């Protein structure tokens, strides 16, 4: 380090001297040298600053050729920081400059860097085929250029040998990612041979890379000794050349090698050495974090190994007992116990990759199944044995046992088993190089799965077929067709696939032994770990059903064995609902960004295709990034553990719509990091509206019977109005806004330049005011609606935006225009949900540059990335505002950690930024230091939201460290991040306790331990908290009670409290409502997802009827209240003057009969008045009542035949019409009585503005009756309904349901 410091000192001295002299070339050169020294130290952020100085000086003062080295340096540093989009910008510029200069040397370097970047993107995306294509393209180009330069060196000093060797390394690691291990081994060995032939130094870094990757290849081939030899050689070289990052990653690989062979102590020692090296480098937080996770994984594996040893002892005991039970009535029971024990051992051995043991246990299971005469268990055991041999890379034996399994399943008619076996055979054939045979097997498995109606196995087979066509055969058209099939199947099974959303920190089974760790995109259909549960569960079922037969001799089962498979449970039922990771795999990272690969490849499911087949330039493909949660669902196939979670947007990458109001697709933007803009098609710019004079022209994509023609003055405007219709009601205001925007766009230039937009006042059809869609829906496209303008309003920003669109030849975004039109304050720019991307937002940002003044900028729910933030930074710097507080809402976009770096580089924001919302962006722990800087320097920042940003304890701790007593922070949201430890949260709470103005805290989704709850209670006592969001925190009844007591232990402002999904019970609710302070201290209360039952409804009804109750919002969805509880709560509102919103969705369980609810209603809730002192309703003997059941298939209320049909109840609520009674002649009077009682209660709930009754099984007629009651309430004003299938929302005009996303609600 002494030499480094001396070099740094000399370089800085030379830089200062060159700057003072005005020698720009030397100034840039020395800035680059300083950056290079810092880069080699691992101080990438600091290096980036110096490389940018080099870049800025070169751009301003030097010829273009001087940009070559600085673009190369910037690209490399951004790559090391994993800012891939930024890296691609400079690397592509580097390549362009090199081509312009005809410089083959620089072209080769640029191609190598581009290949590395796309390769790293592929490793992290798991579904980005464009990246792997680009990686292949650039690596092959780099190798050709290196070979050309080697054969024809530019100078005698430069042979380009090093680059030629690196090219072998790069393509070798790429082949390893594609599961072509033999080809990869051949290339890497050839690289070492070239080193020896050309007498390259033994300590050359090129050799270290080759050794590194060869170590990985041999590890996948289970050639442990050779793997260790190459990994250790890699470490030795890196140590000699002082390449700490490479040395650390070498130790990571060595640790994984020890882990694979169950040498856990040695593994931890290696990981600890790697951790020490990573921590000694400045900007290697991600590497250190990864190593920490690996150490934790090894510790868990040690626990599993201990459990396995205990279970082995149990199996030995059971085996001894079997000797005694042989020939007795206990023989079968003893065999079943051994089978269950072996299932457990198979599961645990697969978790720690002990495949030899796994094979041993599987064979013992086969023997037990034979003795049990159970063909179902026998076929299962064949499947597990096949898996063992597959993981041991004995593919011929694996095929043999999978074939046996398939034949056995076929003999007993088990279609599911046949399908699973076929898909597994395909996996083995693919690994063995028989790609055509693999595809045939996948197709056969799919055919069987379709025949048996097994959606999950169909999905697995389709994904494997997609992989084969895309990766193996490069058949894009067929892959696209299969992708469409996959999407349709996933959409139809969306509820089942939700079970795949598991902890993000579990390690992927794809990083396993044998095929596990290979870059295979194939999905898995068969498994061992989950089979153990499935099989164990099936054994219990068999045992339960045949318990009386356990004493029969085993010979008797030879006759009955053919019927046993009928009791067999489907594997896939278990497979699709994994609860925890089945295999514990340390994650390996790429050894170095210098053309090296990760320690282990990943499997991928499938590739998202778009129509772009050009340069395969698909940074855009990242915008719908599908994040995978690694889970052991099926042990035999590797890729099926990667399940899909859509993290950032609701819109898939290949399914973006055009940004104007037309339904016509336009060109998808090129890239978020591109600096070249793609213009939209200029024809029909405004999509669904065309201006004409005297004659109507209809756009070719517009259907006559879906269009309406409007006349404004002498102009006719035709547009589709379906976007303004909800439940047969026309949203008149939305229609007026769209008409105003369209009319303005067709005005002459001189009028547009004034920025005056029309105010649409009246719309008339046939002389009548337009109020209902029914009034004219039959005349669409035939008659003209007259529109009158009541005045004009100035919209300067809108005018500027349209001008900037014209300058860039871009079509204005209609959604954005409407947002700007309805904005009441010019300084508040709200353009959320406008489908904006880094390119399409450019006209707006250019308009803001001219507009200058902005107090609030809301860009949420778009598709924006770091490129937008760079432009925003330039806007804020150039803005003349320095003192006005700024609200910056960027949530739910595609921003990364660099976004925060841009904020840190903008001094203006230090004095202005008051609110910063970044939730829903994948910031990762790379943002930690930037967040810390923002919190320390932004003096007026009072609200920070980093919810669901993929950050961990490391970042939370940095946030805590950055908070000082002088901080103005009042609101903090950190929920739904993982993993966050209790210590990190506790440290944060301690710091928050020191803040003078802190009042709002959101910890939703974080698991809170007892010490954290205690610390939180202390904060509640000492701070004036007004918002406390604790949903899904596992608080429990005791923790919640403790917290509420602390919260109201002193005079307290009204509080908004979220305790949803915290495991609260009805007793807890009783204690809550007994608290006087709670009655008048809570404004909003969310108890959704807690099983408070009918008893809890009683307590809450008493709370609502209390005159001191000040609740405005009450959420009770999924609280198991039953229909009786729903009715009781709504009845209680007749005595409540404050509640405005009530959510009672999902409270009628499908497993409970309507009769039980209605009986309860009949016994208590249909009484004329509800007393505060009423206790829990009496239990009703359902045997004495009718068998009235809820028909959940048709979502209607129907009553089955019953002996008690003679029971009738007189119709009540005379104020309502007889529609219910007349339509229910065929149904029980209980149903009609209940609906009329509920309608009557709704009619009495006068202050209520929003009511959610979704998913409670109400029939269509019942909903109409309920809405009639809602709309007939006195003083309610105009009402609104949102009814679709089982969605039932009643609201009023000023408080429409679903108008704002939950994440966008402002306090």
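Just so you know, glycine gets a Cβ as well, placed from its N, Cα and C.
Because the structure is a prediction, the values reported are computed rather than measured.
Positions annotated as region 'Disordered' by Swiss-Prot: 1-20, 573-603. The repeat 'TPR 7' annotation in Swiss-Prot covers 28-61. Here Swiss-Prot flags 208-241 as repeat 'TPR 3', drawing on sequence analysis. Marked as repeat 'TPR 4' by Swiss-Prot on the basis of sequence analysis: 248-281. Annotated repeat 'TPR 13' per Swiss-Prot: 283-308, in sequence order, evidence recorded as sequence analysis. The repeat 'TPR 5' annotation in Swiss-Prot covers 379-412. Feature annotation from Swiss-Prot assigns repeat 'TPR 6' to 419-452; the stated evidence is sequence analysis. Residues annotated as repeat 'LRR 2' in Swiss-Prot, with sequence analysis given as evidence: 564-587. The compositional bias 'Polar residues' feature in Swiss-Prot is assigned to 587-597. Swiss-Prot lists 739-767 with the feature repeat 'LRR 3'. Residues or ranges marked as repeat 'LRR 4' by Swiss-Prot: 856-879. Annotation source Swiss-Prot lists repeat 'TPR 16' at 907-940. Sequence annotations record features per position, and here Swiss-Prot assigns repeat 'LRR 6' to 1079-1102. The repeat 'LRR 7' annotation in Swiss-Prot covers 1245-1269.
Among the stretches 208-241, 379-412, 739-767, 1079-1102, the one making the largest number of Cβ pairs under 8 Å with the repeat 'TPR 6' (419-452) is 379-412. Across the repeat 'TPR 3' (208-241), the prediction's mean pLDDT works out to 92. The repeat 'TPR 13' (283-308) makes no contact with the repeat 'LRR 4' (856-879): fewer than 3 of their CB pairs lie within 8 A, with pairs spaced 6 or more apart in sequence. Residues 83, 85-86, 623, 649, 651, 656, 672-674, 827-838, 841-842, 845, 848-849, 886-896, 898-899, 902-903, 905-909, 912, 917, 1301, 1303-1304 of the same chain lie 6 or more positions beyond the ends of the repeat 'LRR 4' (856-879) yet place their CB under 8 Å from a CB of it. Sorting the repeat 'LRR 4' (856-879) by DSSP state (H, G, I as helix; E, B as strand; all else coil) yields 13 helix, 4 strand, 7 coil. For the repeat 'TPR 6' (419-452), the DSSP counts in helix, strand and coil order read 30 helix, 0 strand, 4 coil.
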